[in-house]
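**Q** The following feature annotations were taken from TrEMBL:
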type     : residues : note
REGION   : 111-133  : region 'Disordered'
TRANSMEM : 33-53    : transmembrane segment
TRANSMEM : 65-85    : transmembrane segment
TRANSMEM : 91-107   : transmembrane segment
TRANSMEM : 250-273  : transmembrane segment
TRANSMEM : 280-301  : transmembrane segment
TRANSMEM : 321-343  : transmembrane segment
TRANSMEM : 355-374  : transmembrane segment
TRANSMEM : 394-417  : transmembrane segment
TRANSMEM : 451-469  : transmembrane segment
TRANSMEM : 475-500  : transmembrane segment
Amino acid sequence: MSEPDTGENAARIAHSYKQLKEDFVSNLSGGSVIEVAQVCAVAPVVTLLWSVLQSRQSFFKPYTPLAFVIDYLLNVGALLLSVTLYSSSPILLNILLLTAAAFVYAVPPSTSSKKKQAKPNNAKATPSSSGLSALSTKPFLTNYRGNMMVVTCICILAVDFRLFPRRFAKVETWGTSLMDMGVGSFVYSAGIVASRPLLKERAEGKATPLSTRLIRSFRHSLPLLALGVVRLLSVKGLDYAEHVTEYGVHWNFFFTLGFLPPFVALFQSALAVVPSYAGLALLLSAGYQLILETTGLKAWILVGARDNLLSMNREGICSFWGYLAIFLAGQDMGMVVLPRSLGGSSPSSKTSARVLLTKMGTWAAVWLGLYFLATDFTYGAGLSVSRRLANLPYMLWVVAFNQALLFAFAVVDVVFFPQFYSAGAGGDARAEKEAYETATSRVLKAYNRNGLAVFLLANLLTGLVNMTVPTLHVGGLATMGILVAYMGAVTGVAVGLDVWNVTIKL
């Protein structure tokens, strides 16, 4: 009897395991919108607990090694627990965190905390007269974007383990899930900060020609498109498991991100007709939805043959328009939250905070109402959410959800750190910077500062783990150990870059 060909057996085993991994993330139906909200609510609740510790006890200032450990456990560890060990009981986790916050709040504030909050600066000065920029980096925006990056980094690796619930993984076609929300939130968050150069142009009274905007946008796109090519070659070359119906045969998320800037530059020219990014987002998404419903485009995306380059990548190409609408909606919110002055030429801190929260709350209610009208079967259009199509209901769900989440972070910010708004209204740049540092988690600030570079690192580490560890055969305890070590490495690099004052722009 001849000995078996070990090379053929190894190849057969590798192929069967690759197929097993692809099946593990395919044909999923997701979970409920309410459950996604309950899991994501952990982020602002953790920020509430962090804010109570900081505002009442000045726990994170000075930033000692113990402070870093607690910062990591709260802003990374709690989010990791919400998608693993507490995935079936996110309400319980939120209650435990709120209970801890209430306990800390009941403890008398430290002396140093009292001194920092005593007599905020009420002097009024406009940003121009004080030397402050017309734009401000608000703590709640850093906390929101940092939390979004942390959850994204956790999920892209955790999804490959059995401990991560299948209902949290990306849905095949129709339905909602945590990771479906995550990819849309990434784009929405990018849209918010992309409004910064537009606001600077307005403040300076400049109007950049379309040709100049396109050249700048292509420069910004090239690194992202290059990353998309590198990922494509890596996946194909290493025979890495892939989910074709997610974006297509060759397309990936980096290509979507890379093509956004030039198209956004083109759509900015339409502001002369529709003077609102939110209006542009709705028109684009509604027009795309109309085409889906009245032509054969929907059927072609879902069941069409893959017989040419276009059809092979139809999911990525067609869903791009939905993501573009999400990006534009994010820009619209950026025009609200980034300007320093919100209540007149020289608003008080209370006026500024009140106007900010009113605007954010109103927009959140509007988007939630539109989502209800699009998806409700009794009072609305009864449309189903589809991340694969990035259709109108998906766009409205992502935008409404992120508006509400951002509003929650803003409320925590305004309640516990009013001195930031006092400093801004008083025109004290140094006091505002100090108040920002006081009100912002060092870990979340680090994730926000180099978000795309950290995301790339997380992708590389995810690939490394998947190539060296049979993730589908790993038990719960070992899974948690791997995820904690992985997030520790990602967080360590992110915080290290921040400590060394390094900003990597891609």
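The count begins at 1 with the first shown residue.
Using N, Cα and C of the backbone, Cβ positions are placed for all residues, glycine too.
Quantities reported herein were computed from a predicted structural model and do not represent experimental measurements.
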**Q** Taking a Cβ cut-off under 8 Å, which residues six or more beyond the ends of the transmembrane segment (451-469) line up next to it in the same chain?
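**A** Contacts of the transmembrane segment (451-469) (Cβ under 8 Å, skipping residues fewer than 6 from its ends): 21, 145, 149, 152-153, 156-157, 160, 227, 231, 234, 238, 240-241, 482, 486, 489-490, 493-494, 497, 504, 506.
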**Q** Looking at 33-53, 394-417, 475-500, which one has the highest count of Cβ pairs under 8 angstroms to the transmembrane segment (91-107)?
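**A** Out of the listed stretches, 33-53 contacts the transmembrane segment (91-107) most.
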**Q** Below 8 angstroms Cβ to Cβ, which residues of this chain, lying six or more residues outside the transmembrane segment (33-53), approach it?
**A** 59-60, 70-71, 74-75, 78-79, 82-83, 87, 90-91, 93-94, 97-98, 100-101, 104-105, 143-144, 147, 151, 167-168, 176-178, 181, 397, 401, 405, 408-409, 412-413, 415-417, 439, 441
**Q** For the transmembrane segment (394-417), could you work out the same-chain residues 6 or more beyond its ends whose Cβ comes under 8 Å from its Cβ atoms?
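**A** Sequence-remote neighbours of the transmembrane segment (394-417) are 33, 36-37, 40-41, 43-44, 47-48, 51-52, 54-55, 138-141, 143-144, 147, 176, 180-181, 184-185, 187-189, 281, 285, 322, 325-326, 329-330, 333, 337, 353, 356-357, 360-361, 363-364, 367-368, 370-371, 374-375, 385-387, 435, 438-439.
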**Q** At a C-beta cut-off of under 8 Å, are there same-chain residues at least 6 beyond the transmembrane segment (321-343) that contact it? List them, or none.
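**A** Distal contacts: 126-127, 132-136, 138, 141, 184, 187-196, 198-199, 256, 260, 263-264, 267, 276-278, 280-282, 284-285, 288, 351-352, 354-356, 359-360, 363, 367, 389-392, 394-395, 398-399, 402-403, 406, 410, 424.
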